[in-house]
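Per Swiss-Prot, the feature active site, nucleophile maps to Asp216. The annotation active site, proton donor is assigned in Swiss-Prot to Glu240. Residues annotated as substrate binding site in Swiss-Prot: Trp94, His133, Arg214, Lys219, His220, Gly244, His307, Arg355. Sequence annotations record features per position, and here Swiss-Prot assigns Ca(2+) 1 binding site to Asn132, Asp185, His220 based on similarity to another entry. Per Swiss-Prot, Ca(2+) 2 binding site is recorded for Asp216, Glu240, and the stated evidence type is similarity to another entry. The site 'Transition state stabilizer' annotation in Swiss-Prot covers Asp308.
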Amino acid sequence: MNLICSILPKKEPSYLKLWRKQVIYQVLTDRFALDEDNFYAKASGNLYLGGTWKGITRNLDYIKSLGCTAIWISPIVKNISETTDCGQAYHGYWAQDMTQLNENFGTEEDLKELVNAIHEKNMLCMVDIVVNHMGHAGSKPVNFLLYQPFNSGKYYHNWQFVQNYDDPHETITGWLGDSHVNLPDIRTEKNEVRKFFQNWVSDLIKRYQFDGIRLDTAKHVEKSFFPTFIEAANVFTTGEVFHGDPKVVGDYQKYLPSTLNFPLFFQLRETFLDPKHSMFSFYDKAVLDVRHYFKDVTVLCNFLENHDFPRFFHETKDIALALNALTALIFMDGIPIIYYGQEQMFDGGSDPDNREGLWKSKYNTSNPMFRHLSSMIRTRQNLVETYPEFTYVLSFQLYIDDSVYVFTRPGVIIAISNEGSTSSFKVEIDLKEHWKEVPSSFTDILTQKTIPCKDHKLKIKSKSGLPKILISSDPSFL
């Protein structure tokens, strides 16, 4: 394989092989699509805006046209109904009843029709699940009788907000939230609680035919909870471990198949929003450290945006920086996640401004960012189909300096920089040092220009700080 690092497949659940091939599109159900088109309906705020499962079903072709192959939807269970100082539970993370659906999103039949429609389009469906906590509005004492099935105080840790998020005990037993909305912390260490969740998730997967799970606030749940829960679910599960240190997050992969790649997320934001941030540092922290501390980086879920952080375009209007960051996201080791609205260059700030109604974009598929992103995603999917080893062969560094990083994966060479649209770069790489067979030319997928490779030397030139995604003209060059 010519110096390219790989993680050879071992005996593992079949769902890992399946999910390595995916590009995930994250949807906030309330904010993606209404039952009927109304492009001028309210599209901001912290109240329910009317997005539904039917709305997603009607607009699956939009996601499909972007090239994404899996859809992650919001938590589906019934949430508290109060309007709090922080708004309503439109996001789905303030549960009240684990045994009922959130009627704001639709009916059981609507949900089943959505998952079935996703499958008919040869896509996968991932559901967001919260096992750590319930939701409570205001500062008054909690009436635990209102919750199902955990309708007694004995199922919850004593009230105390988390103060030190680096303290393992406090992180597990403390409550999240504040005096406006606090989140009663479930005693997930109790056997009867674990048994409920095992039966519940098994039934949930069978009833709705979900293909995967995103496990919210996994950092706040005992690690010993996960193995039996994962066994009961028997589908791909990625956990939210909100921490930038790969040593901290990587330890969770001993208990979970996958985690969200927060270490990469923070490095992507720092590197591509600050030209002073060295690519050497990016490579050390986002590539080498992640490989060192994680058991299998090929199943980590990578992201540049999500519902908890300001949009990338809120921090910069430089399209070149965004394209470079997205190129890294899509082609680095792991499974890419696109947060809805990235393709429309949404630029909202902190919650709830980063949770815009997508209908305000009129689901435009002709804008430059949508086209560029679609081209990248489809290129990745073509590589997955052409090179069976693409999903487990790790990226290999070809060149690096303070502002430019060039790496390769089967069938493609990627060059990214973080100096923005006012910059340019030029790199020459002798491919003979890395491969026995060297193609005569490459195609730049963003410009569709052919780049010759003379005497085994590839000259990569970029104007306006744009990334280079170079596809070999010879499929056997690896």
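Placed from the backbone N, Cα and C atoms, the Cβ positions cover glycine too.
Calculated from their C-alpha atoms, the gap between His133 (substrate binding site) and Asp185 (Ca(2+) 1 binding site) amounts to 5 Å. Taking the Cβ of Gly244 (substrate binding site) as centre and 10 Å as the limit, one finds 15 other Cβ atoms among all the protein chains shown. In the structure as shown, the Cβ atom of Arg214 (substrate binding site) sits within 10 Å of 25 other Cβ atoms. Of all Cβ atoms in the protein chains displayed, 21 besides its own lie within 10 Å of the Cβ of Lys219 (substrate binding site).
Apart from Asn132, Asp185, His220, the Ca(2+) 1 site neighbourhood in this chain, defined by C-beta within 8 angstroms of the site C-beta centre, holds His133, Ile172, Gly174, Trp175, Leu176, Leu183, Ile186, Thr188, Thr217, Val221. In the shown protein chains, 25 other C-beta atoms lie within 10 A of the C-beta of Arg355 (substrate binding site). Per Cα geometry, Asn132 is the residue among the recorded positions Trp94, Asn132, Asp185, Gly244, Asp308 nearest to Asp216 (active site, nucleophile).
If you check the recorded positions Lys219, Glu240, His307 against Asn132 (Ca(2+) 1 binding site), the ones with a Cα inside 10 Å of its Cα are Lys219.
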